[in-house]
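The region 'Disordered' annotation in TrEMBL covers 1-20. For 51-66, 86-108, 128-153, 159-178, 190-208, 228-255, 276-297, 334-353, 373-392, 398-421, 433-453, the entry in TrEMBL reads transmembrane segment.
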Amino acid sequence: MSGPRQGSSQPQFMTSVGQNNNVSNGPGTPLIDSIDVDQIVIPEKNSWKNLFSYIGPGFLVSIAYIDPGNFETDLQAGAQYKYELLWIILIASCAALVIQSLAASLGVVTGKHLAEHCRAEYPKVTNFILWILAELAVVACDIPEVIGTAFALNMLFKIPIWCGVLITGLSTLMLLFLQQYGVRKLEFLIAFLVFLIATCFLVELGYSKPNSSEVVRGLFVPEIKGDGATGLAISLLGAMVMPHNLFLHSALVLSRKVPRSVHGIKEACRFYMIESAFALTVAFLINISIISVSGAVCSADNLNPEDRMNCNDLDLNKASFLLKNVLGNWSSKVFAIALLASGQSSTITGTYAGQYVMQGFLDLRMTPWLRNLLTRSLAIVPSLIVSLIGGSSAAGKLIIIASMILSFELPFALVPLLKFTSSKTKMGPHTNSRFIAVLTWAIGSFIMVINIYF
């Protein structure tokens, strides 16, 4: 073991901490490379007050579960099957918590994030292929964010979709402005946006008044009826766990300087799980609210023929007009604000995931503004072309295509994560227990099978 951050007090299995310490920490350096400067120091004392210091990464991760792509899938589920598919969201959220906790534990225990482990463990060709797939996942994640933000700007300010796509490029400047204040301020901003989205949909619930007993039944009584229900259920489940999120979560936890004692590492893993559970619960409630609002609105008795037709093929743009017609103009504006908050917060987390992916797989450091511009350009170009040629309808279909790409790529991040967290060499006493190993491989295999089927 080498590197100034490695002392003799560290466990033997901490074989990979402390590389690249000779890199200067300039303003253009990604957070992962300036870890000594930017880390939040966690005190050694055993106290529940430490939990507050760990709060943050889970909220950045939870954004992927409430991005514009999830909005669209939720809207379609509610419009076509009312509350019948709510139980899918419950199962997917539980599976997501287990998988995200593994990603957090990998970073805490080993001091390296998932992309760095891939570079260390796999041959150059395999590592290069995994990097390409991870980069495609980041771009595919960025497409719904670009289109979702463009839809929101159209709903709020009547800006054409193609113009809104170009305007989303300005989020690069916002991210650069935020980065100079450090990761903690960014975490607070994302948490605020998550709660803003939750508040917006609580207001929508108040407008739409879904039947509470039917909602509870949909949550706890599994049923799939209708020809297209199976495909939509698979879409809901496959869209919940995103590949870039596994790279992101394992890296974000490194922003905390955890005591390297056995107790300190164990406490960090436990608190990160609690923090992730809280953040993902908020995301779960938002997804439930979207489906419930869509189900209540599309099952209303007073729908006119045009609104009834919109419910048969509901997308983000049609949802705004539907809510306006059925619940009133304010409902449409509230939905647009939630969509805008979702798109912008997803943009920030997607950019951070891209930075960690490039640094981890290639050991390549790119200044944040250039990295953000590159990723955003790759997402804007297809979004702009599609919105110019096909309009809002084609742009909405592009969101579904991007979600399918993410579903296909999930195994290439999930399998390495399960492999590394099951390794005693890497995780030592914190390796997955036999029960957790069986459970996680079963969850991973199930998700991979349904994604292949989808």
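Glycine is no exception: its Cβ is also placed from the backbone N, Cα and C atoms.
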By a Cβ-Cβ criterion of under 8 Å, what residues six or more beyond either terminus of the transmembrane segment (398-421) are in contact with it?
68-69, 72-73, 99, 102-103, 105-106, 110, 114, 117-118, 121-122, 130, 133-134, 136-137, 140-141, 143-144, 147-148, 235, 238-239, 241-244, 246-247, 250, 315-316, 382-383, 386, 427, 431-432, 437, 440-441, 444, 447-448, 451-452, 454
May I ask for the residues of the chain that lie six or more residues beyond the transmembrane segment (128-153) and have a Cβ under 8 Å from a Cβ within it?
64, 67-69, 71-72, 115, 118, 122, 159, 161-165, 167-168, 171, 242-244, 247, 316-317, 320, 336-337, 339-340, 342-344, 346-347, 350, 353-354, 357-358, 361-362, 375-376, 378-380, 382-383, 387, 392, 395-396, 398-399, 402-403, 405-406, 409, 412-413, 416
Take the transmembrane segment (433-453) and find every residue of the same chain, 6 or more past its ends, with a Cβ under 8 Å from one of its Cβ atoms.
95, 98-99, 102, 234, 237-238, 241, 407-408, 410-411, 414-415, 418, 421-422
In terms of Cβ proximity under 8 Å, which residues at least six beyond the ends of the transmembrane segment (276-297) contact it?
55, 57-59, 61-63, 65-66, 70-71, 74-79, 81-83, 85-86, 89-90, 93, 96-97, 100-101, 104, 194-195, 197-198, 201-202, 204-205, 207-211, 215, 219, 249, 311, 314, 319, 322-323, 326-327
Restricting to the same chain and to residues at least six past its boundaries, which positions have a Cβ under 8 Å from a Cβ of the transmembrane segment (51-66)?
40, 42, 93, 96, 100, 104, 141, 183-184, 186-188, 190-191, 193-194, 197, 240, 242, 244-245, 248-249, 252-253, 255-256, 268, 271-272, 274-280, 282-284, 286-287, 342, 345-346, 348-349, 352
